[in-house]
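Notes follow the structure.
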Amino acid sequence: MSTYKHSLAPIVIHAFPHPISALSFDPVSDALWVGSGNGYVSAHHSIQGLRGVCFKAGDLPVLKVVADENSVKAASAGGDGVGSWVKGGMNKWFYNSDNSIMNFATSSTMTALSTSGSELLLINAMTGNLLRQTTIPSIATHLEFSHNILLSGSADGYLRAYDPRTGNLRNGGSESVVKAHYGGIQGLQTTGNFVFTVGMSLRQAHPFPDPLVKVYDLRNMRALPPISFAASPAFINVVPNRSATIAVTSNSGSISIVDASNFGGISNDFSQIENLTSFVTAVAISPTGAYLACGDADGMIHLKSQVEGDEVVPLNGFEGRPVEWANPPESLPELEWTDSTPLNTIGLPRYKTQLLSAWTPQFNSSKTVSFPLPQKIPVQVLNTMKMNDNVAYAPLPKELRGRRNMVALEKKKLGGRFRSGKSGTGDHELESPLLEYVGDDVPTIYRHVEIEYSKFGVEDFDFEFFNKTEFSGLETHILNSYTNPILQVLHYNLPIRRLAKSHITTDCLREHCLLCELGFVVRMLEDARGTNCQSSNFCKAVGVLAHSKLSNAIDLVDYGREPTELDYAHMIQSFQRFLFDRLVLEGNDLTANPIILKGSSYERNEQTTVPAPITQLVGIDTKNVVTCFHCKAARSKDNLTHVVDLIYPRTILPNDTVPYSDFPTILRNSILRNMTHKAACTNCGKNFSNFSSRREISTRDLPLTLAVNACVNSEDNFKYWLDHRNQTFLKPQIELHGEVDDMEDPEGAIYQLRAVIVQVATDEHAHLVAIVKVPEAEGNEDEGASPWYIFNDFVVRNVPEQEALSFPGRWKIPAILHFERVDRKNSLDFSQLPDAIDAAILCRDTSISLNRDPDLIKHELLNSAELPTLGTVVAVDAEFVSMQQAKTEYRSDGTKKVLRPARLSLARVSCLRGNGPKEGVPFIDDHIHTSEVIVDYLTEFSGIKFGDLDPMRSPHTLTPLKVVYKKLRLLVDRGCIFIGHGLSKDFRIINIFVPPEQVIDTVDLYFIKARQRRLSLRFLSWYLFREVIQTETHDSIEDAHFALKLFKKYNEFEGEGIFDQKLEEIYKEGRQYNYKPPPPPGSSPVDRQATPPIPIGIPSPLSSPPSSRYQNASSSLIGSPPSHRVCSNIDLIHQFSLISTIVFVSLTISWITSIVKMHVYSVHLQNLDFWHWEGYRSECFHVLQLIANSTTDLVPW
């Protein structure tokens, strides 16, 4: 083999001329890969060019083809991506870029792309995932890897060297940039320490081919003597097996072989392509240098060979892998076809592997699925499936019954269901499958749900539709309700639940205590058994404590911003750290903390201070050891944390390896946190000495509950969690080993996954969902039910365990994980914790008011003999104040929608004795102190005025909310029967759940369901007792007293058997009086307490009935002189004109205000029609007409 003197028969690629745009010899098989001008890449085998595999790389000419041992990478000119295909033609991955691809280069682990947007993209050569993206000074038209350097030839003529690990210029730019050509670089090759370029020069400001091949030393970018090539070099290729030898080719087919190490030498090794009818468009040299292939614009490949004689040498130079040819199709079976031949005898093909038509989603340019996906078998069926004689069968789960072989016509909106709109025949609406995964769509059960409000308020919302389990959900219409998932997780952590319930029995002196509020919430969820609850008191305490100067955690407060503006995963992780810090502080008894974990280090070492109970459950008490590499001096200090932040391995780079990728290893490394850093050593005095830092903790001291923050802060972190080949990154059970004296502890701790909090993110909304393993549901696996439940706020559904482990798409992002240590569950001892509220709290005066008026004390405390027992009747009523106004959207059609109701807070509660010698005497009449700003005292409905809830001003019995809550909690626990009117709403706002068997609500006693109207306490009191209550404001003692009388009256009517008759009479009378007490004799028909008297000198005619009006007016006018009559008439006319003007102006202002509100809240203001003004104008004239009519009896107009 001396020179490429031997010409072989050309290979014709296409019957119709398509230019050859790229060539690449296969390094391991007898094949030549050809890229054509129509965007196809094809394989041609042996020197005869037998056609093999063909696939499409793009719609435009193929820019470059690179073949390695196992794959072929290609990109099309002007295309937006580069892809990798197996040699059988199936696409492995395809990376789409926002800009057109200009060139690419590939190594064993990395592929570098240059785009038309002056960007350099570094992607993983095995997976096609983006590793790094940097901006470069100019568009790189050529890229090549050399050792650990990435070379680029740019359109501005500069040759640049980049560090592929960072994407930045090598050595910060020094000795990495050189001006090679003035008109742009057209070719780039590198071998050894040499870099070769060809390009364009400028002559009289016009580009022309540079006749020189520029040569540079790669080590310092120093220019070496160039190589002259008179025929205008167009292509350069490195000749294998020859040190620093290149082949220079022109567009006309001239080939020169040059040894670059012979500086200034002239090459005499020339050859010419024969029978070239067009021009050369691509050149490639085989791996052994035996063949040189040139493609031309007519679609032909010209082969030049160095092989002497008739020896047949494969294209790759050796006997490599055999060529895989397509198997011939099997002959179809013969069928005797008649009119009675069944169609099922024809059969259908069976596919055991993925078809070539199943492109990867990244390569599918339309971004839409062009074929119907097969219906997936539900996971519930797969989990219970059994095999018998190759037949699989499974029972149909209860939740799928009635929906078999049914298809939803459209996606059903998960919301807007009201009890008042229920049909009597029940609901048989078709629902979409709850856990059906189609592409990136979020399954129904994970979607965001909101409470909607009908004219009957939030109580009309049908929560039961969203939760048919015995485990309660939490409502969402309050600020900071993003904490709902972590409340559910802590509730179903039995040790933490037991600890929180114990804390509410103590005399906690903090006004805002998260541990107290957590205890109240878990107790409410424990008692509710499927009834929806709200955690408004807990959320309020979170807001107050986050704003405090000591905490300074205002980033934890949800100010009602749009959900798309918040990263709820980061917020809930920050809140978990904040919450555990608060629970430690609030649960720490400075005198003596009880030891609740037997066998712990605190019990073994009597000199050690026992930490807070929460720390005993979740605390990770490690020893941080810092060692100087220079002098080997080591120092240690104790380190206590309650939450583990996951630390992921570094991003995969060409020279990096990732030794740890499974979840237990990442978790262990995150606990131990082995790191290095630089600092000044105080022992050896060396500045900037290298230090190693590690944590040590024995396996025995690992906590009972392991709280983990997932910390998925980047795309690289999230890749660990994505499911791969039906395998999940997260496992239901893991084993962890501690570390002692820099050695792994041989003893292992078994942890079981108990809960996962994930962020469900879409383009429109982001929210948090908890998936919890419920302890009360464990042990029912034999019945086909899973102990795992999903808590999507007030949506609660049973799900398989796979839902907690699987992360199928980018819409589901892990945030928090909780593990429970299995081998230490039996080491808990709660015997030292209190478990009951002291009943003496009902006998103590708990007022904190400094100016209480003794004359306003209306209650009499219980004595020890009066403490309630099971069945004690208590009449109760509560009053509330508004802490936040309702958020309402006014629409252009005049309607309005409540987006968020007003937030109410308990302001007063009164409890009366329901039986005994002191029946009806209050024993609790507490006004509730609040430190929040009150927006509206609602005095007309609550009787609360400014200063009544201020300890410095209040003349009433003022008590902290937590103390009042404990009193009510104690009454519930002792089995009292509560009587009141409308108690369900009161208890719901108070955040306490009372079992239905302990509640007697008179609003339900005096109710006929068919009438769909509930009767007010004021009307019932007037009708049954002829007493008018709530004349000016509401009084909770008065309301509770009449509710008790209504209950006694109900028992009286039931004893006589006339209750149903009386109830019909009440409704009949109510229709006559519009369900309101009639005004007392001599009063105005319209009772407006807040309306001021008319400011005129004479008595108002409107203050008396019409008959007396006429009589008084006549007597006053008849007995007066004519002049006085005229004067009186004129005065009255002026007065009524003034009234008319005031009414008209008021209505006009009301109309303008509504218009402004619609402009603020509605996005459809342009639909406002003229009829709005017409309606208000007609209403004004109607009022004026009424005024005019009322004056005709008095004034002759």
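Note: Cβ is positioned from N, Cα and C throughout, glycine not excepted.
Keep in mind that TrEMBL annotations are predicted by a computer and have not been checked by a curator.
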Residues flagged as region 'Disordered' in TrEMBL, choosing from 315-334, 1055-1074, 1095-1114: 1095-1114
Chain-internal residues, separated by at least six, CB under 8 A from Asp877 (divalent metal cation binding site): Val909, Ser910, Gly980, His981, Asp986, Ser1036, Ile1037, Asp1039, Ala1040, Ala1043
Neighbour tally for Asp1039 (divalent metal cation binding site), based on other Cβ positions within 10 Å of its Cβ: 25
Neighbour tally for Glu879 (divalent metal cation binding site), based on other Cβ positions within 10 Å of its Cβ: 25
Segment confidence, the domain 'USP' (472-822), expressed as mean pLDDT: 86
Asp877, Glu879, Asp986, Asp1039 excluded, remaining Cβ within 8 Å of their centroid (divalent metal cation): Val876, Ala878, Arg908, Val909, Ser910, Gly980, His981, Gly982, His1034, Ser1036, Ala1040
